[in-house]
Amino acid sequence: MAKIIAFDEEARRGLERGLNSLADAVKVTLGPKGRNVVLEKKWGAPTITNDGVSIAKEIELEDPYEKIGAELVKEVAKKTDDVAGDGTTTATVLAQALVREGLRNVAAGANPLGLKRGIEKAVEAVTAKLLDTAKEVETKEQIAATAGISAGDSTIGELIAEAMDKVGKEGVITVEESNSFGLQLELTEGMRFDKGYISLYFATDAERQEAVLEDPYILLVSSKISTVKDLLPLLEKVIQAGKPLLIIAEDVEGEALSTLVVNKIRGTFKSVAVKAPGFGDRRKAQLADIAILTGGEVVSEEVGLSLETAGIELLGRARKVVVTKDETTIVEGAGDADAIAGRVNQIRAEIEASDSDYDREKLQERLAKLAGGVAVIKAGAATEVELKERKHRIEDAVRNAKAAVEEGIVAGGGVALLQSSPVLDDLKLEGDEATGANIVKVALEAPLKQIAFNAGLEPGVVAEKVRNLPAGSGLNAATGEYEDLLAAGINDPVKVTRSALQNAASIAALFLTTEAVVADKPEKAAAPMGDPTGGMGGMDF
């Protein structure tokens, strides 16, 4: 495909126009009095949202240079969302301010590379200041306040705080759509995975269609079990011990399955067979997780273990196992605490190293099953449009709360950024680097000014007043009052604020140092087709 190329000021201004188009659509949502944006969908009802990254993803511009500019800012929003789960609008507003001030200085003759170095040093200093002033999240109320601000609803904040209190910071909190109105919280005790019994005959409670095994042995096998002779030596040892048996294998079929079922029906021996969760390598990993949790070993030819020679010492233990047709829950596995902690650290390292959102999500689920628990928030609403918007808000708020627990909180409402700017006066920079630091200083005011503007206040007046207030005090845009924001429960996770600034500065530096833009040449629209009837009017068909 043919390309078009723009240089110097033309290239940078084209990118800036794209950035501004996207940022102007996103920034109207900032703050407690921010508005919503309606997004048209090709299929189904339109989406109404105030989430920066969702809005950014939908924007496609026609001009090739503007399109590239918008794509670069989308990257800011997406990266911030990936790292912190919130702060996408703040990141976009900061990027716009940094680029606007930066391009003004480049046009006036400043060296872009000098500005870039100055911006990087200034951002490093502000980040250190934010981390230094962050307050640890110690109470349920602080988590509720942080999540409530993100979701724009204190009830959601309280529910998320309740969920985090129950499952711990390593636990997984998922959000599901509900057919009923309002919000519900469901908690899972122990490790649960989405595979149920292979045969209904294993159920111990016919009415509830579930099998409950008290103090069972747990056999983990990485392959299929089809012949009973493989299983018999081990079954005899378990029967002698007088305990029930849970078998988790790739599959249990044929005479092995029928033998287990017949013994269960006759009351000779209580057992349940379940297929192992996941597929391929993920199945192996999950079996290993269950083995560590229950203190057993996975019987696998890869490690030289076979069913015929397996002894009772290879079996795991748990206080209780509950199996339904759809899922299995293992309560209080008898695994060694140090081994479980080691496995948790290993999974955590894999999460850090992974660059796939899907893999990270699956690893996080495994981590929760081992270290914490799983809470499900069920959200309902009157219409599908409202339901999707509400679900999205809750998901963002959950990630926001987790970020707060991780690195602490700072004053919200753009105040922490503005009140961190004096640290830049201590930097001993000269020339274009000093100008770069000043660009950051100006940009740090942008989020607060936008929040004030969205609340119908005069941005410049608000920024000047907040600058002279004690640290942590600022504008409560919801009420229009100036107060101690942390005491009032208006806070942001420092991880969100820090990520927004770092990602915005990264993209702004790329904008300023760009000297040429190569884009696809827009294709001309095809000429309309002629009249298939050849212009012969008046004919009946």
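Note that Cβ sites are derived from N, Cα and C of the backbone, with glycine treated the same way.
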Thr29, Leu30, Gly31, Pro32, Asp86, Gly87, Thr88, Thr89, Thr90, Gly413, Asn476, Ala477, Ala478 bind ATP according to Swiss-Prot; which of Asp8, Asp432, Asp492 goes with them? Asp492
Are there any residues at least 6 positions away along the chain from Gly31 (ATP binding site) with a Cβ closer than 8 Å to its Cβ? List them or say none. Gly413, Gln450, Ile451, Ala452, Asn454, Ala455, Ala477
Cβ neighbours within the same chain of Thr29 (ATP binding site) - under 8 Å, at least six residues apart: Arg35, Asn36, Val37, Thr49, Asn50, Asp51, Gly52, Ile55, Thr89
Ala478 (ATP binding site) - helix vs strand vs coil (DSSP): coil
List the same-chain residues at least 6 positions away in sequence whose Cβ sits under 8 Å from the Cβ of Asp86 (ATP binding site), in sequence order, or say none. Thr80, Ser150, Asp396, Ala397, Arg399, Asn400, Ala403, Pro493, Val496
